[in-house]
Amino acid sequence: MRPNCDQSQYKTKYGALVSIILTKSYQRLCHGNMVYLYDEQFGSFKGEVVKKFTWGTDSGFSVSVISYGAIVQSIKVPDKSGILSDVVLGFDDLDSYVSRNDPHLGSTVGRCANRIGGASFQIDGFTYQLAKNIGKDHLHGGIIGFDKVNWNYTVDGNKVIMSYLSKDCEEGYPGDLVTSVIYDVKDDDTLYVEFIATTTKKTVVNLTNHSYFNLAGHGTGAEEVYNHVISINADKITETTPESIPTGRFIKVGGTAYDLRVPARLGDAMNRQADSELYDDNFCVTSYEEKALNFVSRVTHPPSGRYLELYSDQPGVQLYTSNFLPSPSEPALIGKQGVGYRRHGAFCLETQNYPDAIHHPGFPSAILQPGDVYRHRVNYRFGVGKEIGPEVVIS
């Protein structure tokens, strides 16, 4: 069935249609691609316009990203009855992202995602001191990371390309780093993301997206998160200290609460761990092949029928069960539609290199050299009612 090309349908179905970006994108919709893209102003930051871009498909699936922090602000997915729900945590307004997004909801994280022990590293005998923002260590790019700046943006067909120049010595990192994040949505209800970076000096790079997912709907809380069923294609994790800094050793997942190669109810898996050891761990992707898209994880929410499949060319994925969102005894973090977000109200699957790789020769290298190009691809495939997912390798 060919879609109706009357723009008013989108005003009714998706809210105010501010502007169709590029005639070419709109023509793709009218000729059967069933994907539209529009933009609107989301606010202003330091005198710059912050844009919000929204894609939609004929199924009702839609994705919104904003230029501030290159943030995924919304992902709406139909359930088995066709009812749409937003399945990522976030805010309705820019001020909240600027002032209250310490959890990095939906953010592009860099220059180096996850932790760097001691907030320092050496390259060619020179020690670089980074910003300390989690005890004595460095987390998610520092105090003003990539999630706290407004990115430039261009549009190429249905792709939105966001770019940012991180200058030499920003947060302590060497080299001018030019980073692009390419967002694309196609009619298979998949969000395609690609990170690209180049540098003028040897530096450390490990980019990721920090979206918080709840396939029951962003406001349904921990009880529905516990009802998710998860599998991760990993036969080991990186061992860490109590401060979550890798030791350089690995732990085989067999016989532990980290063995998610066979699908498990997330709440049951979490109950197998001590309260202080809930998931915030780097899983090492099995059968990882550099530059190839590998199956990483599949998560389903049986009551709604929704599922998420994750594919990436990175060697690791961080499973995080939002342990540091407010506890029941604390004031909630107020998010979209006035919903209160609390501990375990979502999960993150952050594709990445192994954390603190700069300090561990046995980990994949995190050093980017001048003349080389950093690339990281990740696909978020959403759907409903699919019973059988990709096979997890168990060795």
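Each Cβ is built from the backbone N, Cα and C atoms, and glycine gets one as well.
Over in TrEMBL, the protein carries these features:
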type	residues	note
BINDING	Asn114, Arg115, His210, Ser211, Tyr212, Asp280	beta-D-galactose binding site
ACT_SITE	His210	active site, proton donor
ACT_SITE	Glu350	active site, proton acceptor
**Item:** Coarse DSSP state, helix versus strand versus coil, of Asn114 (beta-D-galactose binding site)
**Value:** coil
**Message:** Let me make sure I understand the structure: which of the recorded positions listed (Asp280, Glu350) has the fewest other Cβ atoms within 10 A of its Cβ?
**Reply:** Asp280
**Asked** Helix, strand or coil at Tyr212 (beta-D-galactose binding site), per DSSP?
**Response** coil
**Item:** Arg115 (beta-D-galactose binding site) CB neighbourhood, other CB atoms within 10 A
**Value:** 22
**Prompt:** Measuring Cα to Cα, how many angstrom lie between Arg115 (beta-D-galactose binding site) and Glu350 (active site, proton acceptor)?
**Reply:** 13
